[in-house]
Each structure stands twice: as structure tokens, then as C-alpha cells.
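Colleague: Questions regarding the structure given below will be posed in turn.
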Amino acid sequence: MAVVESAATVTLDERLVADEPSVVVSSLQRRRASEEVIAAVDRIGELTRQRAALVEEGNAARAERKALSPKIGTLLKAGDEAGAAALKEDVAKASEVAGAADAKVEEVEAERGRLFATLPNLLDSRTPDGADEEANVILSEWAPDGYGELRDGLTWHDELATALGGLDLEAAPPAQAAAKLSGSRFAVLRGGVARMERALASLFLDLHTGERDNHHHPPGTCETREHGYVETSVPLLVGAEALQGTGQLPKFQEDLASTSLPFPEPSGSPPPQVPLTNLHAGEILDEAALPISYVGATPCFRAEAGSAGRDTRGLFRQHQFLKVELVKICTPEQSDAQHQALVEHAERCLRALQLPYRKVLLCAGDIGFSARLCYDLEVWLPGQGRYREISSCSNCGSFQARRMGLRYRPAPDGSGKKRKPEFCHTLNGSGLAVGRALVAVLENYQNADGSVTVPEALRPYMGGLEVISAE
């Protein structure tokens, strides 16, 4: 049974930052963090020492007040009004000192909290060094039997889908439906292309929840109920506290879509890992309940699109996108095995679709803010002639759990004595990004006549349709 408590105020191990700042600084330097962020470590140390001194000062003043207060009555009974008046002044001064110390502690805590929020997660020792994606390590590559060499120079997905009558973008006259409705970086899908998007989300959810019937299984994927995730539908809008819990705030404030709806600090949700992970914020879970595995499919929104002129073509990076997200909450001892399982679950989605892909270990300069260790799955796109990310599978350790106050109580020791709660580990990954999976299927399954073959795994979800042709 879970116990709800208030959220934690720090994002990294407080003792580690105070006692071993060099460990934190080393991780920040590997991440190529700014000098401002690195300087925050020393400032946190200063503030921690200030806080300790202020707490001691306040406690001493309260102790003095407590000791002096009873003496006032004694002096008054003895008729020593002057002595009593002097003690009253001393008590008032002690109260003033205690109040001032408490107020200063609040100021120090507020600054510490702001600085802690700017510090990214500590890197795992297995995360390789490197400044950017060029230093990422390719761990493995996979392609279906008989696929041959990776194809290149084929038609892009946007041209294919538009010719099939299944895509309207702002740059796709004469319809320009998306531009009329919402402006740039939105799309309208129709017909077989829209059905394929829905089919992809359904396939992924069924794979992860194990709800597929045997006739839904493509060749070589006969396992049922193996992934074991609980399908969960969550709100599209989340508040600032939830975004802080998973690390989107304050660093990625400008990337978030927002709304003016009249409830506290709502925001258009980024990938559903935010609400899924925050489902247990502030709770103490029983160890026996772990690991917990959630999967959800939601539309997501982001203000940023195009990355300074990159990825502005087609469906690859838009303001609105559909994603199936995997989230795991576990103990530190379960963390590595659960991370590997999550990566394998995302890989099985690609294998079910028979799409060539590779697994990449992200380097220190390319890994996300909240992650300590991260594997990307990159799918081959014949139109672009390159691998592109379709899933990012992160082990966040206790970083997010500290931010949101998510803990578990270990099982009693051998003598039956209760043990202190510890922070959970949280993991997340795309399983998969549906829009990017649609891009990959369109480009990899295109035919010379402009039609697109429907992958065998998707046909049960599309009424047995085998080929999408121009309408």
C-alpha cells in the first residue's frame, strides 16, 4: 500500500553534492555543461553551510527563549519587576533572532532549490565520453533476413503519402488542409495512411500489454503477455510540478506547449513519460509491488519544431505527434535488468515491422538532462539514406524519483525490523514514436509504382489490407 508524502526538494544526492562536489563537477564537465551550471555546485555547498549555521543559530535562540521564559514569572512573584522586564527584553530579542534565522533559512532553501533544479543527472560510468552524436557508440545493427544492403535514394515519405492522397501539409497544394487548420508544422492524414498510423499505435500497445491474439503475430514473434505493461490513459495536460518531477522544467521551459485553460499551471504534455512517471509522485511504495510497468499512447505537443532549420520536411518533427511510451518504476537492484528489458521491448516493435535498425549508446554530450544511461534505437530511412532516432530508452536512476519524492520501503530485514524508505529508480523509452514509425514504414515498404505494401504485422489492424494505393 502506498503512503503519500510531500515531494522532495533536491534533485541529486544532497550529501554527495556537499561532501564530494568533485564527483558532480566531473559529471557536468563530461556533459559539456556551462560554467554557470558548474559554478552552481560550489554555490550549493556555500548555501548548505549557511543553512546549517542559520539552523544552529535559530535553535540556540529558541533554546535561550525557552530557558528564560519561566524565569520571568519567578521574578514577578518575587517582586523584581525590573529584572522581569529585562528578561522580557532578552526573550523578545531571542524570538527576533530565531525569526530572522528562520526567514533566512527559507531564502537559502529557495536559492538551493533553484540551483539544484539546474543540475542534470549524474552520468553512469558506462556512458562514453564525447561532445555530440558523432561520439555515440554503435552497439548492434539488425535487418530482416534477406533484406540485403540498405537501400538509399528512394522517395521520401511525404512525397509518397501525398501522392497516395493520404497526407496534407502546408507545403502540399492545392489542399493545404493542415495550414488552414493550424498553421505550419502540422499535418492531416487521410485514408490508408491515417489507418496505418492508428494500426501502428494499436500494434505497439498490444505488443507491450500482451493482448494480441495468436493470429496477430508476425513470423517469429509468438510470445504473448511477455512485455507485461499496464495500459494507462493519462491527461494530456500536466502542471508545473509534474514537469519539474521528470526534469522538463526548468531547463526545457521554452520547448513546452502551453495553454490558458483556467486551472493551475497547465501545460501541453510532452511525451507521456511525464504523467506516467508522476502517477506515484510523493508516494512510498511496497518493494513487493516493484517493478511497475506502464504503457500509454497519447498525442503530444511541443513548441519547438525543426531544430534551427533541421528536420523541417515532412512528418519527422512536428508540433503535434503521437507516441507510445514505456515507463518502469523499480528498485536500484532491478534497474539494469529492467532497462535492458525496456530496450528489448522497443526493439521487438521494430522487428515485428521488419524494419532495419541499429542500437546506439549515447555519449556524455548527447544524453538527455534526466538520464544517466541511454540507448537510442535508430531506424533506417531509404528516402533520407540515413538512420534516424525512433526510440530513446533512458535509465534515470533516482534522479526523477528525488525530484518527485517517489520512494519504496524495502522488505523487513531478517529480524522483521522495518527498513527506511529508499528512492526508486525510473526508466522510460518510446515504444515507439508512432509518427516516425509511419515514416519508416512508408519509406521501407514503398513499391516502384508508388504504392506501399502494408507490413504483415499491421494487416490484422487494417482489415486485411495488403497494399495502399493512390485513391
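From the backbone N, Cα and C atoms, a Cβ is placed for every residue, glycine too.
When I checked TrEMBL for this same protein, it listed these features:
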{"type": "DOMAIN", "residues": "225-455", "note": "domain 'Aminoacyl-transfer RNA synthetases class-II family profile'"}
{"type": "BINDING", "residues": "Arg302, Ala303, Glu304, Glu389, Ile390, Ser391, Ser392", "note": "ATP binding site"}
{"type": "BINDING", "residues": "Arg302, Glu325, Asn428", "note": "L-serine binding site"}
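Distances, neighbours, how buried they are, the whole picture for these features please.
Modeller: Mean pLDDT of the predicted structure over the domain 'Aminoacyl-transfer RNA synthetases class-II family profile' (225-455): 87.
Of all Cβ atoms in the protein chains displayed, 16 besides its own lie within 10 Å of the Cβ of Glu389 (ATP binding site).
Arg302 (ATP binding site) falls within a strand when secondary structure is assigned with DSSP.
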Colleague: Let me know how many other Cβ atoms fall within 10 Å of the Cβ of Glu325 (L-serine binding site).
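Modeller: Taking all protein chains shown, Glu325 (L-serine binding site) has 30 Cβ neighbours within 10 Å.
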Colleague: Could you tell me the C-alpha distance between Arg302 (ATP binding site) and Glu325 (L-serine binding site) in angstrom, no decimals?
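Modeller: Approximately 16 Å lies between the Cα of Arg302 (ATP binding site) and that of Glu325 (L-serine binding site).
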Colleague: Taking the Cα atoms as reference points, how far is Glu325 (L-serine binding site) from Glu389 (ATP binding site) in Å?
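Modeller: So the alpha carbons of Glu325 (L-serine binding site) and Glu389 (ATP binding site) sit roughly 15 Å from each other.
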Colleague: Give the residue from the binding-site residues Ala303, Ile390 that has the most other Cβ atoms within 10 Å of its Cβ, counting over every protein chain displayed.
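Modeller: Ranked by Cβ atoms within 10 Å, first place goes to Ile390.
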Colleague: Going by C-alpha positions, which of the binding-site residues (Ala303, Glu389, Ile390, Ser391) is nearest Asn428 (L-serine binding site)?
Modeller: Ser391
Colleague: Highest Cβ count within 10 Å among the binding-site residues Ser392, Asn428: which residue is it?
Modeller: Asn428
